[in-house]
Amino acid sequence: MTSYLSNDTEAKLKKTKELPPHIHFIGIGGIGMSALAMILAQKGYSISGSDQKKNLTLKKLEENKVHIFPTQVESNIDEILKVHGKNILVVKSSAIHRDNLELCKAKKYNLKIKHRSEILAFLIEEKKSIIVSGSHGKTTTSTYITTLFSYANKSPTAIIGGIVPLYKSNYSFGKSEFLIAEADESDGSLVKFNPNIGLITNLELEHVDHYLDLEDLIETMKQFAQKCECLITNFDCDNLRANIHGSKWFSIQKIINIDFALIPKESNGCEIIAEYYEKEKFIDVIKIPVPGIHNLSNAAAAIAACRVAGILFKDIKKGIEKLKLPSRRFEFKGLWRNRLIVEDYAHHPSEIDAAISIASTIIETKHKLSKILPRRIVTIFQPHRYSRTKKFQKEFAKTLSQSDLVFITPIYSAGEDKIEGINNKSIGHELKKIKPNLEIYTPDNNQNLIKLIKEKTLENDLILIMGAGDINLISENLFLELLNNKLISNDIAA
């Protein structure tokens, strides 16, 4: 298959205006902001940023000569102006509140201020772009596309919403003309992009803090679809099939009238064997080395994007066996007291259902992970945002009811105000209605949660830790304690 990109695509890659020589990111430690900052630093811009939460990302930024402010105060802007003058650009994300001190000072000085989506749009205009959107699977699909491009020796620039195993990073500054990135629909900013190849993985109501209802979200996705030179969409998604008509369809359920089909034949909770078809013609049997039927759909989407971009299937196949999930996507963290610890970013009922489905398949097929044969599913869920919890409280309860033991932590607010009557205990109450005999715990803090994990879990449990907030700190604390105990034991033995 030759590239779908038209011959006059180069005209679209018009010479874009340069950004100011110095760019300051408010909240630079975020997964999306840090990737943009690193790409711009690699392009030769002077970069600074501020973030009040310490993490490894900030350390990496500093190693790449990015100046980091550990606080967000007005004096940061003054310090930047002393060095660089007023010809600077301030970048913010939707997470930055309008009362942010740095943002207020930048407005007071009448400095140029742009949303992070405008910076991504700038980078998209410079390259042949593959932009991935959808309610679920964006990070996994864009990680797959980036991996397949890399193993096909295409060296893409990539801006990803998670850590790509191949790069051990959320970005790649490539040498080719291609850019692969996610289009975040959470705030509607994806309508600013003009992709050469657009991809929508699926579509269902999400981000209820921004969208009134499903129709509101569909309208935004239609606007994105209209701006894509070529649009690849998921035939298996009812909402997409009914509302958005793409240039190309992919499917894991159907072959007839489908451009790219990946039909599952075997699964063991660790990998999936599937038959690959193009325009109803059988091409090959391939092994997808990641678990979960939803990840097979993500793989089908990634293969479709690569083929539309003109990559030969034989070159794509080289990378398929190297596919790995990004960080916090059913990520096996290790063994803790002979219990399997797995982390997943799931924070929507459909995502939780998909993660629990993988865990169930592992148990049903008696698939061993790290020499342990898991017997029970223990879920630890941190709800993300009060608005989402209020909207999907019953759905959360229904999907969590598939577990053998459930812990629900306090809600990670993500900056939202509390909603009266909406908390971890209200989800627990709904869960009890569905499964009265299920063992459910709703601790008030992480200290109590860790205590309960030690008391209530058993050897050979598969402990699935889910959420988009800081719930990953739980596994870090468990393993840190294990390491400290080992060090103490070694000291005593010595």
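Every residue, even glycine, has its Cβ placed from backbone N, Cα and C.
Annotated features in Swiss-Prot:
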type	residues	note
BINDING	Gly134, Ser135, His136, Gly137, Lys138, Thr139, Thr140	ATP binding site
_Using the CB centroid of Gly134, Ser135, His136, Gly137, Lys138, Thr139, Thr140 as the ATP site centre, which other residues of the same chain sit with their CB within 8 A?_
Val132, Thr141, Thr201, Asn202, Asn298
*Within the chain of Gly137 (ATP binding site), which residues six or more apart in sequence place their C-beta under 8 angstroms from its C-beta?*
Thr201, Asn202, His294, Asn295, Ser297, Asn298, Ala301
*Please report the DSSP secondary structure of Thr140 (ATP binding site), reduced to three states.*
helix
*asked:* Fewest other C-beta atoms within 10 angstroms of its own C-beta: which of the binding-site residues His136, Lys138 fits that?
replied: His136
*asked:* I need the most crowded of these binding-site residues: Ser135, Thr139, Thr140. Count other C-beta atoms within 10 angstroms of each C-beta and give me the top one.
replied: Thr140
*What residues, ordered by sequence, lie under 8 A Cβ-to-Cβ from Gly134 (ATP binding site) and sit at least six positions away in the same chain?*
Thr141, Glu185, Leu199, Ile200, Thr201, Asn202, Leu203, Asn234
